[in-house]
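Notes follow the structure.
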Amino acid sequence: PTVYWLTCTSMDRCENTSTHQVSHTSMTSQEGVEEVKMHLPLSADEDVIFVCVAYNLVGEIREVFVHRSARVSTVFTPALIGALSAAAILFLLLLVVFYRCRQKPKFEIRWKIIESTDGNNYTFVDPTQLLYNQKWEFPRDKLRLGAVLGSGAFGKVVEATAYGLGTEDEATRVAVKMLKPRAHSEERDALMSEMKILSHLGYHDNIVNLLGACTQGGPMLMITEYCSHGDLLNFLRAHAQDFMVSMMSVEEDDACYKNIAVQPPRLRSDSGISCWSDYQEVKPALSPGHTDPGQLIDTLSVFDLMRFSYQVTEGLDFLSSRNCIHRDVAARNVLLTDRHVAKICDFGLARDIRNDDSYIVQGNALLPVKWMAPESIFECVYTVQSDVWSYGVLLWEIFSLGKSPYPNVAVDTNFYKMIKDGRHMEQPEFAPDEMYHLMTLCWSLEPTNRPTFKMIGQLISRLLPSTNDTLQHPNDQVMYKNIDECREDEEVRGASLKRREEERDHHDDAEETKLKNIYQLS
């Protein structure tokens, strides 16, 4: 036969003439069939489609051959491969950064207001939906900012002087919480939510109260009471060396505690903003025979620790009465005024919690695990009873003079097992037996077995010497009978003083209640 080759650009189009020389060798098989062996010279770097055509008198036959080159495509040069690899690595890095940012803990106010309950299912009020009362608006130009008191990743608290907060042109020392320029929308919403929650709660002696706000004409500023002694945790640590273990005499206790319990008159401006005069730059003169309470306590006693414990209980009882859960009860979130009055706050925005060992990353949240109740750790359930557990840890902090709870215990599987097994911390060095027993009650694994804050307050008020008639309401009944009574000799020595002051204290309590009803913020 006659054989020739056609070069094709595609399977359906071929040239009419061959561009390749073909040599062939003919042979005849045993069956008489002639076979033709042909050689087509091609270079290794060619990519060609060929059609082999053989014909004779009988007919024609075609066969298609595809020749692929052995060379590496010039498209994928080393430079291009390197660029693609770098792009892939960069994409993976961006993906990791995006994931980390999504998982990075966001700041949120810890306080939650309960709207409704169904067993352990709680529905919380969305604080962003709470109304902002314009009565809190304070003129920005009457606020003079001072030194920074605390600073976090996105916010800070500064000392300031407010003019006209109480009466016209009167200077009041305040604390102002604000955001840093790099704060995100989440932090702005959180600060606004905190302000709305405080305004919703109203006034109480043992929480850091809202005094005003600047929401217009510039960055948002939240004005609160100023607490000159800072947080309770650092206060305890600073006074740990000179802690006075010996009991003070009843007479000294009476003078000290009675003066500390004296509250100055409240002020109220026309805008509805109220404050205490103990935050004023110019303080009113004390009545004859009274000493400035801020100068009375140079050292701490056990009863000072119990008084702090009682005041925190009063604040938490108020929050629970307003259906508010704190969720971060700890000594670091309790501030002390110049009169050593303990006030509960949420200091989170002005604290660098990302570098605080007290907070552990779980998912996209930073949680104070060592202060949390078991149901909060393992089931994410937060209730007033879980705040009671945290309060027990706070008591341990107070009576250990600011030590970290569960010392030398890492937050790992062993820690979680210890919590599940109901193992407690040992009694702090300076805790009376009654107070340690109270801690263990707060750490009951069953939430319903934990005492309420009202019960806790009644118990501690009984343990405070010579202050029962001012700390405990006459109609309150003691709920715990398994705790030892205050020592009998103390009761005997204090009985005469109680009788002399009973009538006067009853009158003072009535007047104080009347004032609170008049000036209570809603």
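Backbone N, Cα and C define each Cβ position, glycine as well.
According to TrEMBL, Y122, D346 bind Mg(2+); the candidate from N323, N333 that the record adds to this site is N333. Comparing E225 (ATP binding site) with D346 (Mg(2+) binding site), their Cα atoms are 13 Å apart once rounded. Of the recorded residues, N333 (Mg(2+) binding site) and K156 (ATP binding site) place their C-alpha atoms 15 Å from one another.
Taking Cα separation as the measure, A153 (ATP binding site) is nearest to D346 of the recorded positions Y122, D328, D346.
Straight-line distance linking the Cα atoms of D231 (ATP binding site) and D328 (active site, proton acceptor), rounded to a whole number, equals 14 Å. Neighbour density for G150 (ATP binding site): within 10 A of its CB lie 17 other CB atoms from the protein chains shown. Checked against D328 (active site, proton acceptor) by C-alpha proximity, the binding-site residues Y122, K156, S228, D346 yield D346 as the nearest.
Here the CA atom of K156 (ATP binding site) lies 13 Å from the CA atom of D346 (Mg(2+) binding site).
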